[in-house]
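Colleague: Provided herewith is a single structure, encoded as C-alpha cells, for subsequent inquiry.
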Amino acid sequence: MSQESSYGKWTISSSDESEDEKPKPDKPSASSHPQAGQGVSKELIYTCSEARKVAHKRQISPVKFNDADSVLPHKKQKSDSPEGLGWCLSSSDDDQQPDVTQQEQPKRVLPQEKKHVSSPDVTTAQKVVDRSPPASLRPQRADDEYETSGEGQDIWDMLDKGNPFQFYLTRVSGIKAKYNSKALHIKDILSPLFGTLVSSAQFNYCFDVDWLIKQYPPEFRKNPILLVHGDKREAKADLHAQAKPYANISLCQAKLDIAFGTHHTKMMLLLYEEGLRVVIHTSNLIREDWHQKTQGIWLSPLYPRIDQGSHTAGESSTRFKADLTSYLTAYNAPPLQEWIDIIQEHDLSETNVYLIGSTPGRFQGSHRDNWGHFRLRKLLQAHAPSTPKGECWPIVGQFSSIGSLGPDESKWLCSEFKDSLLALREEGRPPGKSAVPLHLIYPSVENVRTSLEGYPAGGSLPYSIQTAEKQRWLHSYFHKWSAETSGRSNAMPHIKTYMRPSPDFSKLAWFLVTSANLSKAAWGALEKNGTQLMIRSYELGVLFLPSAFGLDTFKVKQKFFSSSCEPTASFPVPYDLPPELYRSKDRPWIWNIPYVKAPDTHGNMWVPS
C-alpha cells in the first residue's frame, strides 16, 4: 500500500493487527541484501514479523543520515500539521532546531552514566553521539555469545535463597558490567551448573535453530529437544528445514484455529537427571532478543522427582502444577503428553507464583475464568490485598506491541480489561473505576532513536500506522520507557509487565511478567453480551502476589541490582517509577513510517520501504 504526503512516498503494511504476526506464505521470510557490517548475518533463515524483517534489512543495508536526501524528496516536514497522516516523524521535530549535518557531529565518546539521558538544551546531533558507544567497543558477532553470557560469574550466588522471586533480566551487551552482574543469558540458563540436562522443550514464537543449538553446552547439544511453535504453511516448512540437520529435534505445531492468533508463549521445560525446571520468559529464540533488549525471566526452583510410594501430589499453594498441566493439555498435542507425564512425576510444591495463560478458543461459564484477563481477575479477587480505604492505587501496563483496541477506551481497555486489573479481595468499597489512573509504558520515537540498537530496535515494537490512526485516544495514556534503575534505559523493552503500585509507587499489590502484549488477541475479548471470552493466541506469564510470600504488599526495590540492606522481600521492578508521561512532542514508535529528521546512535535513518 503506497502513500504520499508532505513526508514523501513510502510503502506501509496493510495489516492493522499489531501482534507479531508472521508473514503470509507468499511473502519471502529472508533478506538477501549484502552485509553492511559485522554482527548481522546476510539473510534471515527464520520466519518473523514484517517489522523485524525491515529492521534486519536496515541493519545490513542502512540509510545513513547524509543519504536521506537521496531517499526522500526535499520537502520540509511539518511538525504540527494535522494534514496527511498527522504523525510527526520524530519526537524532536522543533522547526527552530537547526538541521543536523554529518560534518557537525563531534567525535563519538563513551556514554556517561546519567540520570537524565537527554537534555533539551543539547542539539540533536550531540544527543545522538553522547549515547553511541564507539564502533570499536561494540561486541562483534563472533564473540558476543560469550561476551553476553555469564560465563565466569558465580551463577549460584544469583540463585541463592536470598532472592525469593527468582525474577531476572537478560544480559545486555554494551552497558556497564554492574548492570549485568545478576542478569542471565540463555547460555546461563542452559548451563550444566543448573543441572545435567536430559531433554528439553522450547515453546516460542520465533526460532533460529542453528543459533539455539549453539546456546546449549556441547555435551547437551545432541539431547532431545522439542520445539513448540505456531507456524503454518511455508513458515512451517521453513522451520522444518531449519531443524532437519538435527536428528534430536522434533517439532510440535500449536493449533491456531482463530484468525490472527499466534503462538506467543515463551517457556522452557528442562528435564535434568536431578529433577525438572520451568523457565517462563519474554525472549524469542533468536540472537537479537538476547543481545541489547530488556527481557524478563522467571526461573522455577529445581523440582525433585517424587519418590515412588510417596503420597504427596507435589502441588504448591498456588496450584502451579495443576495449572501448568491444564495449559499443556489445552494444546491437545500428542508430543506434549510426555511432558505432562514428566510434570506429574515431579514435586512442584515449592512454587510461589501463579500461572496466567491464554489459549485460543471461545470460553463460557466457569471455563471463562481459566484464561486471559479473566484468569487474572479471578486470582486477584481471591488473593490480591485490598487497598487502604481512601487510597487510589494506579495500574501500570508495559508492553512492546499494541493491537486494535476499538474507537474509544470504553470498548475494551477501560471496560473489561481494566475491570480485571482492578480486581481485589472483596473487602470494603474500592474507588470508582474511572478514578484509578492507568499508566501505559510504550517506547517513544526518541526512546528508539537513542537506543543501543538505534532505529532497528523498533522492529520489535510492531505498532503500525494503520492501528495507531484508529486509536489516537490511546496515546494520552502513554509514558516513556526509562530504566535507570536497571541500567537499561537504552535497551528497548521486549518484556511485558503489569502491576498495581501504591499512589507513591513505593509498594506493589501484585506484579505480572508475561508474553502478553496490550491486545485483545492476547488477553481475550468478551462476546455474546459478556457471556463468552474469545482468545486468539497462546500466551504465558507468572503472577507475583504478596500473600504467596507471607506478605501484605511488596516493597519496591530502589535499585534493581542492589545487594544492599534492602529487605529481601523488596520487589525488583525493572524500570523507573513513577513513569513519565509523554510530553507534547513525544510520539509513540510506529514501525512502518520513516524517521529521517535525526540520525540514530549509529548515524542511520529509518526508511522502512
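Using N, Cα and C of the backbone, Cβ positions are placed for all residues, glycine too.
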Colleague: Going by Swiss-Prot, point out which residue in S29, S149, S310 is annotated as phosphoserine.
Modeller: S149
Colleague: Match it up for me: which of 313-316, 401-404, 409-412 does Swiss-Prot list as region 'Interaction with DNA'?
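Modeller: It is 401-404 that Swiss-Prot describes as region 'Interaction with DNA'.
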Colleague: Of S119, S502, which one does Swiss-Prot label phosphoserine?
Modeller: S119
Colleague: Could you give the mean pLDDT over the region 'Interaction with DNA' (401-404), rounded to a whole number?
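Modeller: The average pLDDT of the model in the region 'Interaction with DNA' (401-404) works out to 98.
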Colleague: Please list, for the region 'Interaction with DNA' (401-404), how many residues fall into helix, strand and coil according to DSSP.
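Modeller: Summed by class, the stretch gives 0 helix, 1 strand, 3 coil.
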Colleague: Which one is it, among the recorded positions K266, H494, K496, that lies nearest to S61 (phosphoserine) by Cα separation?
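Modeller: For S61 (phosphoserine), the spatially nearest of the recorded positions is H494.
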Colleague: Taking just the CA atoms, what is the gap between H264 (active site, nucleophile) and K496 (substrate binding site) in Å?
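Modeller: Roughly 12 Å, rounded to the nearest whole number.
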Colleague: Quick one: Cα separation, K496 (substrate binding site) versus S519 (site 'Interaction with DNA'), in Å?
Modeller: 12
